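Novice: Take a look at the following structure, please.
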Amino acid sequence: MNHEDTVMDTQAGSPGRLSNNYSFWLILTGTTISSFGDTFNTVAITLWVLMTTKSPAAMSVVLAVRMMVSVALGTVAGTVVDRVDRRKLMVMFDFIQSMIVGMLIYLILSKAPFWELLVLLALLSAASQFRDPAFSASLIHIVGEQGLPRASSALQVAIMLSRVLGPVLGGSIVSWFGISAALIGDAISFAVSALFVLAAKPFPNPHIETAKKSKFLKDLVNGVVFVSKNAIASYITIFAFCLNFFSYGATLLIPTIAVLTWKTTPTELGTIQGAFPLGFAAGSGVLMALGHHIRKRWAWMGLATILAGLLMGSVSLVHKPMLALPFIFLTGFAFAFVSILITVAIRTLVAPDLQGRVLGTLDSVGNLATPLAMVLAGLWSDKSGAPVVLMVVGLGTMAIGALSICVRRMRTFD
């Protein structure tokens, strides 16, 4: 038995079983708490920027800065993750994010200029680029390969539930106690997350010594080279880019249709926006129950993508908001299968010492699709109407799913 196997056995217990894996549940709990804190931050910063600047363009700048940091640092952060003790890295960046949010509170209370807040938000986004991949790349050491499907699903359930419930709770905190109170909750959430990681058993990166002997730039390039030369990794990266492109386009178009075409009330709009993450959480729960029993994962990914496209196209034909809810919920359910199975595929395909770099590269490429999708969907919907564009997005998603099933090499990938 090699060192890597020892790490998996001592951390994961029985393969595929998570009930006794206290390290996983401790870290997942901390991650969930910090995810709720993230939603508090989003609500608070959005309100502060719009109330202070009176400019939607300023909010666009905030989103653009966060996205540019994510694209720029994805591969770099992944390389760092592969070269250090990932548990220590997670603890360090949890505390760093807590301190950055503390500085945000100070700037808001002191009525600092907008650009100073923008700098801190960029730093906060940069810190998350290191913390999140560290957990993702460590999963295989914590739960073992057979436990990955359930662990990945549990993680997605937690994150999606925080996205459904977090904005409501964050908005309530802002209404009752003010913007600073929501940010204090965010700062505390990161500190609590760090304490939960510290409480978990050590899961050291068994490849640190090997990494120390290689140069950082070479390691950085190796992640990109692996994705470009490995046929399966290349297909998955292209597939993920296309999927992000269409799914993020839909996230802009559906609220646009809700407001401009269906004339929804604020309550109806909130319900519509919560339907997708709720469906995603439900799909993640089903995958968590199925665990490693799923076979022919690529076929399931392709079929789920086709179903998601069909459902998105159906939303464009609906004329009443409440009739659209089941379609939006099921779209989220289908995307859960696609998203989680892609992640599991990468984690089982890539050697543990490369996972940080490959996941970072995949995130960087995928995130490039987001601003492109937002701009094109916005411009096209202004000319042709959001329902027409959403129908095209649905058809495009179906085409991507059908093409992915036709790739011969991927059909045999389990």
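Placement of Cβ uses the backbone N, Cα and C atoms for every residue, glycine included.
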Novice: Write down the single range among 104-127, 176-199 that appears in TrEMBL as transmembrane segment.
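Specialist: Of the candidate stretches, TrEMBL labels 176-199 as transmembrane segment.
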Novice: May I ask for the residues of the chain that lie six or more residues beyond the transmembrane segment (270-291) and have a Cβ under 8 Å from a Cβ within it?
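Specialist: For the transmembrane segment (270-291), the nonlocal Cβ contacts are 16, 146-147, 149-150, 152-154, 156-157, 160-161, 163-164, 168, 251, 254-255, 258, 264, 321, 324-325, 328-337, 339-341.
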Novice: Need a quick answer: max count of Cβ pairs under 8 Å to the transmembrane segment (220-250), which of 176-199, 324-346, 358-380, 386-407 is it?
Specialist: 358-380
Novice: In the same chain, who gets a Cβ under 8 Å from the transmembrane segment (358-380) while lying at least 6 residues past its ends?
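Specialist: Distant contacts of the transmembrane segment (358-380): 64, 67, 70-72, 74-79, 81, 129, 133, 136-137, 223-224, 226-227, 233, 236-237, 240-246, 248-249, 252-253, 346, 350, 389, 393.
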